[in-house]
Structure formats: structure tokens, C-alpha cells
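Trainee: Here it is: the structure, laid out below.
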Amino acid sequence: MAAAEGSGAGGAAKPLFAGLSDVSISEDIPVEGEITVPVGSCSPDEDYSTLDEPVRDTIMRDLKAVGKKFVHVMYPKKSSALLRDWDLWGPLVLCVSLALMLQGGSADSKEDGGPQFAEVFVIIWFGAVVITLNSKLLGGTISFFQSLCVLGYCVLPLTVAMLVCRLVLLAGSGTVSFIVRLIVVMAMFAWSTLASTAFLADSQPPNRKALVIYPIFLFYFVISWMILTFTAQ
Amino acid sequence: MAASDQLRFHEFDEAADLLAATPDATTTSVSERQSHVALDVGSSYDENEEGDESDKTELLSGQKQPPSFWTFEYYQAFFDVDTYQVLDRIKGSLLPLPGKNFVRHYLRNNPDLYGPFWICTTLVFTLAISGNLSNFLEKHGNTSFRYSPQFHKVTIAGVAIYCYAGLVPLALWGYLQWRKGVCLNVASYTLLETVCVYGYSLSVYIPASVLWLIPVSWLQWLLIATAMTLSGSVLVLTFWPLIRLDSRAATLAVLTIVLALHALLAVGCKLYFFQKPLHDYPPPFLKDGRAV
């Protein structure tokens with residue numbers, strides 16, 4: 001190289017890069033790799049196959065996704081499945097089942113009773129929307145539907161608590177059953193709040209985390225209150 | 001040689017002569033010039049900064065306007081608070097001090113909607129839940145009583161609190177705006193600041209509504225009085241500087257109406273959500289063993 005430079009500086013008449021054709025790869029350095037470029041598999045066969053697959057496969061795929069998210073909620077770790085691949089099927093199923101179970105609470109008169117189906121539905125969905133708007137207005141980086149998805153899925157522990165409460169109420173409605181229900185509902189409320197906080201807290205600006213977590217706390221507290229005060233007819 | 005001689009450092013002979021002749025004058029002038037230079041540097045630095053900013057704003061004004069009413073960023077400006085600021089404002093509304101005008105001292109041109117909205121929501125649910133609990137505790141011993149969640153109370157509480165916290169500040173702001181046109185001594189806060197003050201002033205009712213569970217009559221009225229005093233004084237201290245230069249009648253009228261509405265809210269909530277304590281209404285089956 002130095003010799004080439006020296007000769008280049010000495011003889012100004014030589015064309016540039018004259019010596020490059022002399023360069024050759026040494027024989028003992030193996031050159032490996034594929035030169036062929038993989039063709040994008042946008043053949044019509046693939047679209048055709050998902051359209052043509054059995055309905056059972058389509059449904060099972062979505063059910064598996066929902067089930068996987070349920071597992072993520074019950075064991076909250078920092079997983080991106082809930083956030084990245086959001087869906088609203090799970091929250092819908094949970095909300096409807098919770099509202100159905102809460103319906104028909106005791107009443108002497110019809111308006112003095114527990115929350116009706118529509119009230120529970122509205123509280124859950126409207127509450128989730130308001131909390132999402134709140135976190136976005138405070139500067140959160142999470143998207144609207146991701147946040148709805150997380151808040152909806154984290155109602156799962158409370159739905160489990162509702163199921164347990166109804167079973168306990170079948171056994172009896174005295175003080176012991178009340179204490180059991182209280183403990184179960186409080187535990188599930190804490191679980192819900194911690195799970196949703198684990199998913200949502202990272203996307204908030206650091207000095208406003210408490211401002212975002214408090215409405216979530218209030219939301220699950222109200223749902224827990226509705227579950228705890230449910231009395232069978 | 002000439003080149004190297006030119007390159008050598010030379011004393012400025014004229015300056016040296018001048019220094020020798022009149023040392024004081026030159027030194028002061030030099031120092032003055034230096035200080036002038038320093039000032040100029042300072043002011044020009046500021047000017048440069050301002051100039052830069054004004055340049056930037058000029059540059060940006062062609063591209064960026066304040067966000068329009070229909071965009072999301074417009075509303076983000078109402079939520080530009082940190083946790084400690086919200087806690088500070090709540091503290092300021094719970095313990096009003098005569099010297100500290102809430103708007104000037106705590107809001108400082110940064111009113112927010114977070115506090116009023118979530119304080120009202122919390123108050124709605126606290127009232128409904130405490131009312132339900134107190135109803136349960138009061139009628140617990142009565143055998144004919146069956147517990148019911150009384151969920152419709154949430155709706156009623158919600159309507160009452162949100163209407164109060166939304167419409168009364170609007171009315172007060174409208175009145176002050178009108179009065180500002182009539183009498184020049186009256187100032188006004190912005191609508192957002194008025195809503196903010198009213199929202200934060202309701203925060204004292206949250207612990208009060210929890211404490212109203214205690215079924216002791218005189219304690220409940222004492223709590224109402226305390227809550228109304230604290231909350232009302234926040235409002236009075238905030239709006240007094242605006243209207244004190246107005247005519248006496250108008251000032252008194254405004255303050256009376258503000259306090260009266262506040263008292264109406266407090267007493268109304270107390271009477272509707274919290275029943276009278278036990279010893280005022282003895283249960284029927286205790287009267288001579290016969291049902292009344």
C-alpha cells in the first residue's frame with residue numbers, strides 16, 4: 001500500500017486507482033454466504049389458505065390469543081403481548097359476564113336495588129374510556145385501544161371474585177360469608193390494580209404516575225364495591 | 001528580517017504614553033469601557049436570546065398557531081400538572097390561609113381540569129357509598145330491614161355535584177365579566193380558574209362525607225359547619241380581591257349567594273344521603289311492643 005502511494009505521489013501521470021486491479025483476495029480466506037434473494041411470499045396461496053381454513057381454526061386462534069392474555073393478567077409480568085396485540089374481545093366477555101352476574105341484585109322496589117346491567121356496562125366502558133383519556137391528556141405514550149385493552153383485561157380478577165361471591169352467597173349470607181367475601185374482593189381488587197399498574201405505569205411521565213394511578217384505583221374500587229354489596233334475592 | 005519583526009509582539013507605544021500621562025483617566029475609561037462592554041455583552045446576550053426567540057417565534061408563527069379547539073393538544077394544556085402540584089393545591093384548599101389567594105398563590109396561571117374533575121368524581125362515589133353504609137348501619141338492628149345497594153344514589157349524587165361544579169362557576173364568571181364592563185374596579189379570573197377554584201374547594205367534603213358515617217348528631221352538624229367554613233373561606237378569599245372595590249350592595253350580594261349555594265349543597269347532601277341518627281327515630285317495634 002505504502003509503495004503504491006509512494007509511486008502514485010512520484011508519478012503524477014498515472015491514472016487513479018490504477019493498482020486496484022492487481023488486488024486479489026487471498027485464497028485462504030473463505031467467502032461464504034447466500035447470494036440468492038428470498039422472494040417475498042406474497043403468493044396468493046397464503047391468503048387463500050387463511051380464507052379457506054376451517055372456521056374452527058380461526059376461532060381457536062382468537063380464543064388462544066384471548067386466553068394467553070388472561071394468563072398474562074393473572075401473572076403480571078412485563079410482557080408486550082397485552083400491549084402490542086391488543087384486542088377488545090376479552091374485555092367485552094368479562095364486562096358482559098360481570099354485568100350479568102351483578103344483575104338481579106336484591107330489591108324491594110325496582111329502583112332501590114343493585115346496579116342494572118346497563119349501569120354496570122356503562123360504568124366499566126365509560127370509566128375505562130375516561131381513564132384512558134386522562135392518561136393520554138397527562139402525556140402518556142400508550143395508545144387509546146391499548147389502554148382500553150389493559151383496563152378491560154384487568155377486570156378478570158374481579159370477575160373471578162364475583163363468581164366466588166355468588167358461590168359463597170349460595171352457601172349462606174351471614175357474617176362469616178360477608179367476611180369471606182370481603183377478603184376475597186379486597187384481594188382481587190389489589191390484584192387488579194397492581195396488574196393494570198404494572199402494564200400502564202411505564203408509559204406515563206415519571207412525575208405524574210400517581211395522577212394516572214389514582215383514577216385506576218378509583219375505577220376498580222367502585223367495581224369492587226358493586227361486587228361486595230351484591231346480595232342475592 | 002522584516003517578516004519576523006512583524007511577527008514579534010510589539011508594545012503599543014501610544015497607549016503606553018497615554019497611560020504615563022494621565023493614568024487615572026485612561027484606567028477609568030478602560031474600566032468603563034470594559035464594564036460597558038460587559039453590560040453590552042450581557043444585554044446583547046439577552047437580546048440575542050430574545051432575538052433568537054423572537055426570531056424563532058417569527059419563524060414558527062408562520063407554521064405553528066395555538067392549537068385549535070378541536071385538536072387534542074388544546075385539551076392537553078388543561079392537564080399540565082405534576083403530582084406535587086395537585087397535592088399542593090388540595091392542601092391549599094383544605095387549609096385556607098388569609099394571605100394566600102388560591103388563584104394567585106397556587107394556580108399561578110396554570111389552572112388544570114384534572115383536580116376538579118377527579119375530586120368531583122371521588123366526591124360522588126364517596127357520598128353514595130357513605131350514604132349507603134350509613135343507611136345500613138342505622139337500620140342494622142331493624143329486623144324488617146333488607147340491605148340494598150341503592151345504586152340510584154350514585155346517579156343523583158353525580159348529577160348534583162357535576163351540575164354544581166360546572167354551572168355555578170360559569171354563572172359566577174359570567175356575572176364578573178358583566179360587572180367588569182359596568183364597574184371598572186372589578187377584575188375577573190378566567191373561566192378555567194373559576195372552575196378550578198370551585199373544584200378544589202369541594203375537596204374538603206370528601207373526608208367530611210366519610211366522617212359523616214359516625215352516627216352522632218352534634219358531630220355531624222359540627223362537621224358540616226367546619227367543612228362549610230373551610231370551603232367557603234377558600235371561595236371568599238379568592239373572590240374578595242376581585243369585587244371589594246365594587247359597590248357594597250353588589251359585593252355583599254355576590255358573596256352571600258356564593259356562600260348560600262355552597263351551604264345548600266352541603267346541607268342537601270347531608271340530609272339526602274345520610275339519614276337522621278338513631279335516637280331521633282326510635283324503631284317502631286320498641287313502642288309498647290306494638291307496631292306504630
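Every residue, even glycine, has its Cβ placed from backbone N, Cα and C.
Okay, these came from TrEMBL:
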{"type": "REGION", "residues": "B:40-63", "note": "region 'Disordered'"}
{"type": "COMPBIAS", "residues": "B:46-55", "note": "compositional bias 'Acidic residues'"}
{"type": "DOMAIN", "residues": "B:94-267", "note": "domain 'Yip1'"}
{"type": "TRANSMEM", "residues": "B:113-134", "note": "transmembrane segment"}
{"type": "TRANSMEM", "residues": "B:154-175", "note": "transmembrane segment"}
{"type": "TRANSMEM", "residues": "B:182-206", "note": "transmembrane segment"}
{"type": "TRANSMEM", "residues": "B:218-240", "note": "transmembrane segment"}
{"type": "TRANSMEM", "residues": "B:252-274", "note": "transmembrane segment"}
Trainee: Which listed stretch (B:154-175, B:182-206, B:218-240, B:252-274) has the most C-beta pairs under 8 A with the transmembrane segment (B:113-134)?
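Mentor: By Cβ pairs under 8 Å, B:182-206 leads among B:154-175, B:182-206, B:218-240, B:252-274.
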Trainee: Mind checking which residues reach the transmembrane segment (B:218-240)? Cβ under 8 Å, same chain, six or more beyond either end.
Mentor: 92-96, 98, 100-103, 172, 189, 197-198, 200-202, 204-205, 208, 211-212, 254-255, 258-259, 262-263, 266-267, 270, 274, 277
Trainee: Over the domain 'Yip1' (B:94-267), what is the model's mean pLDDT?
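Mentor: It averages 85.
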